[in-house]
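Asker: These came from TrEMBL, pasted as-is:
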DOMAIN    59-169  domain 'RGS'
DOMAIN    184-446  domain 'Protein kinase'
BINDING   K222  ATP binding site
ACT_SITE  D309  active site, proton acceptor
Amino acid sequence: MDLENIVANTVLLKAREGGGGKRKGRSKKWREILRFPHISQCVELRNSIERDYFSLCEKQPIGRLLFRHFCETKPGLMRCIHLLDAMEDYEVTPDEKRKSRGEQIIQRFLSKQVGHHRVSVAGPYTSDLTESNYCWDRELKFLCVTLHEHLSGTPFRDYQESMYFDRFLQWKMLERQPVTKDTFRQYRVLGKGGFGEVCACQVRATGKMYACKKLEKKRIKKRKGESMALNEKQILEKVNSRFVVSLAYAYETKDALCLVLTIMNGGDLKFHIYNMGTPGFEKERVQFYAAEICCGLDHLHRESIVYRDLKPENILLDDHGHIRISDLGLAIKVPEGELIRGRVGTVGYMAPEVINNEKYAMSPDWWGLGCLIYEMTAGRSPFRARKERVKREEVEKRVQEEQEEYSDRFTEDAKAICRMLLTKDPKQRLGCQLVRADAVKAHPFFENINFKRLEAGILEPSFVWSHICTKWPLTAISYVVGRCCSRALVTLFVL
């Protein structure tokens, strides 16, 4: 490893750790950068902002927090908020514990024994809560709707006249500050792509780390990629999923269009499949990653977006062992009720209907998931051995005509889900029927995955990358994001 890389790695590692000071990576001028405008400067925003309860008090994190602070000043509203929190917890409670958790909610908030602490607005809907688990789920959902209806009335109107709403408007004005390259500190290059490079960056005001994807204007123009770059930004703006890389900021410089994205320090899935001992993963790890990928695809498909480039290189790990789908350059929105055509993707992972240039909707993504489950299990892709030198035409012929083979590393459930996802006919493929992702999630392969808890971010992965980063921090950064270690150092790292 040369001196330049050692210095770049050390600086990046120090930035990730917050610089080692009290400011945790924030600029000396962070208070000045984040100074709120006077409330008199928010008059135009106050008059123009849409007064929608769910948008202002539930969907927007700052608005949700401030509305809750407001409710905590009034005992009756505070109990409503605590009941909503308890019901959110109930939603992600394992099935075998749901009944007892529901009983606790009733006893704490809705029983007559709690006296004046009882949440009275939910009273009429508590009559049949002991019949069955089905009634518990139905009635508690009804309670949730009732509480939100109550909070969206007089409490929401009172909130808009409070100091907490004033503070919300000040935050919104602060969000309107222009984002430029000076908003960030720039660090080492993490990778390179067709239109430019990706580097680590840090917000000066907060110290938070991101990945900055720089699309060079000259390359975009030369390759006529204007529509592709715009499409990627628009799709990233629409998606809000913990399983898909998120767009935090976007700005432009004289030479580049810059997308500031979630930083994923754990490297890509391909690295972990092939460079961490024997190729492939144990069943539990395959299940966990496949479940998170399934959730990411589900969230994209709910926005009518087909991803079209599912492969190990595009699945990134964070410090905590969770994954996100990245690089949405080939993703496209499918018009409602229509099909699209496009022969795009990566050789060996393209579905038969894509190779044949047929029309499709979301089917190529479920084929891609089948390829990933197969590769994570077998330690090789289904239609080409690793490092096998074979022409594109031959790989495509295998995809269209040959049946994949299964070793003894596959359990019966793993074989079954791969066969169903790798069905040549998209009409018969798992995930392509009316229920789509729900059918995939219901497969016995995922019987140990609680998808509600997974989507809530509660399930912990069995493999945590930060443990390795702590033991070998500079080596991990060098190899996984820089890919610039010597062969000897790589061998030492893997061992």
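Any Cβ shown, glycine's included, is placed from N, Cα and C.
Heads up, TrEMBL stuff is auto-annotated, nobody curated it.
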Asker: Which of K222, D309 has the fewest nearby Cβ atoms, counting only those within 10 Å, among these recorded positions?
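Answerer: Taking K222, D309 as the recorded positions, the minimal 10 Å Cβ count falls on K222.
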Asker: Looking only at C-alpha atoms, tell me how far the residue listed as 'active site, proton acceptor' is from K222 (ATP binding site), rounded to the nearest Å.
Answerer: 23
Asker: Reduce the DSSP letter at D309 (active site, proton acceptor) to three states and note it down.
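Answerer: For D309 (active site, proton acceptor) - judged by DSSP and reduced to three states - the answer is coil.
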Asker: Taking all residues of the domain 'RGS' (59-169) together, what is their mean pLDDT?
Answerer: 82
Asker: When DSSP states are folded down to helix, strand and coil, where does K222 (ATP binding site) land?
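Answerer: Where K222 (ATP binding site) sits, the three-state DSSP reduction gives helix.
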